[in-house]
Amino acid sequence: MSGGTDRHEGLRARVEALLAGYDPRSTERPAFLRARFAAGLAWVHFPEGLGGLGLPASDQTYVDQLLATAGAPDNDPRRNGIGLGMAAPTLLAFGTEEQQRRFLEPLWTGEEVWCQLFSEPGAGSDLAALGTRAVRSGEDWVVNGQKVWTSSAHRARWAILVARTDPAVPKHAGLTYFVCDMSDPGVEVRPLRQMTGEAEFNEVFLTDVRIPDAQRVGAEGDGWRVATATLMSERVAIGGGAAPRESGMAGVVATTWREHPELRTPQLHARLVSLWVEAEVARLTGRRLQQKLAVGAPGPEGSAMKLSFARLAQQLSGLELELLGEDGLRYDDWTMVRPETVEFTGRGAGYRYLRAKGNSIEGGTSEILRNIVAERVLGLPPEPRVDKDIAWKDLPR
Ligand SMILES: Cc1cc2nc3c(=O)[nH]c(=O)nc-3n(C[C@H](O)[C@H](O)[C@H](O)COP(=O)(O)OP(=O)(O)OC[C@H]3O[C@@H](n4cnc5c(N)ncnc54)[C@H](O)[C@@H]3O)c2cc1C
């Protein structure tokens with residue numbers, strides 16, 4: 001498959017062969033997804049044997065469209081967002097072949113959900129300050145510490161984990177990256193209830209958890225570099241989607257506006273139009289970013305997308321509440337649930353308003369993202385870093 005059109009013809013033939021062997025109407029979802037992975041049609045830019053065909057990532061849309069048109073089941077990326085958006089690209093870039101073969105297929109099909117054991121009390125924005133310790137013991141590492149805000153930990157089979165393996169060197173240098181089995185003895189998951197009433201995330205306590213060295217990702221002490229790559233992918237995953245026009249929050253608010261002509265004032269109209277235009281600019285920038293990603297690696301530009309997504313979600317959900325007045329304040333459901341996905345459009349305006357507050361915190365706060373854009377995109381002078389050359393164990397805590 002050389003030129004674009006030839007490639008598309010080849011891909012169409014592969015999709016047709018898959019559909020002929022696995023009728024989407026009668027094949028169970030996991031079986032269909034496993035067959036799709038084996039055919040190299042999961043993520044076409046991954047290598048052959050790992051769900052892909054080594055093609056440009058831009059060809060994925062073509063495959064997705066063909067399969068969607070045929071009514072084939074998809075792997076709903078929202079149910080395993082951390083696995084698909086963060087663990088998979090990290091394993092592809094830094095994992096051993098054995099790790100890639102073990103983890104990527106059930107990750108892609110959603111049969112194994114992943115979570116991210118990064119944040120700790122006292123190490124969120126300053127992730128490199130984290131204190132969870134991993135100490136070598138024969139062929140294993142013994143891990144002790146506490147993580148927090150761990151989305152989906154209660155559903156996850158695997159976690160990407162960053163732990164401190166050398167406290168005697170500066171904070172960025174002594175970290176190592178692992179895959180942690182969430183079903184191992186010593187892993188305790190406790191729900192954290194959010195202001196929406198839901199408990200999407202958790203505290204995770206790690207007590208003498210034994211992780212085989214074969215589950216180390218990247219070299220010992222190189223965890224910061226691996227984690228940085230994961231975080232770049234995270235911001236793109238959160239902020240860089242290719243949503244259709246008027247999907248998400250912009251669509252919800254536009255619908256409310258159309259349904260309530262009695263609420264209209266010139267001021268509200270001006271605000272709505274300006275937010276709608278911004279949403280459209282963000283959407284099209286996301287498209288451009290995706291095209292950039294198709295020809296290279298995610299860069300700090302993803303941070304700008306995540307920033308604008310968070311700001312827009314908060315402003316649009318605020319405007320929606322204003323439009324709905326008292327009705328908007330009626331909260332739909334306060335039961336503690338452990339949702340699989342964040343359903344912005346499936347819930348009421350009050351839910352959207354409260355949940356959107358987390359958008360400027362999750363995946364890196366807006367303040368930190370502004371620092372990244374300033375330093376790595378605009379080339380402005382970096383923040384002073386007084387702890388750069390001090391051993392982590394000697395830092396004041
Ligand atoms: C819904 C949700 C889901 C999450 N899921 C996960 C998950 O699955 N796994 C995981 O590991 N983590 C997760 N997190 C955690 C998230 O990544 C952290 O909350 C975030 O990194 C901020 O860290 P912190 O809460 O410790 O705040 P802090 O770092 O203590 O920051 C407090 C305030 O100070 C500001 N600040 C700090 N340093 C600077 C600076 N240098 N310059 C300017 N301002 C600064 C921050 O922007 C913020 O406003 C989740 C968070 C949320 C809200």
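Cβ coordinates come from backbone N, Cα and C, glycine included.
Here's what TrEMBL has on this protein:
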DOMAIN    17-111  domain 'Acyl-CoA dehydrogenase/oxidase N-terminal'
DOMAIN    115-209  domain 'Acyl-CoA oxidase/dehydrogenase middle'
DOMAIN    221-378  domain 'Acyl-CoA dehydrogenase/oxidase C-terminal'
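Within the domain 'Acyl-CoA oxidase/dehydrogenase middle' (115-209), the DSSP-based counts of helix, strand and coil residues read 3 helix, 48 strand, 44 coil. Residue counts for the domain 'Acyl-CoA dehydrogenase/oxidase N-terminal' (17-111) under DSSP, helix first, then strand, then coil, are 57 helix, 2 strand, 36 coil.
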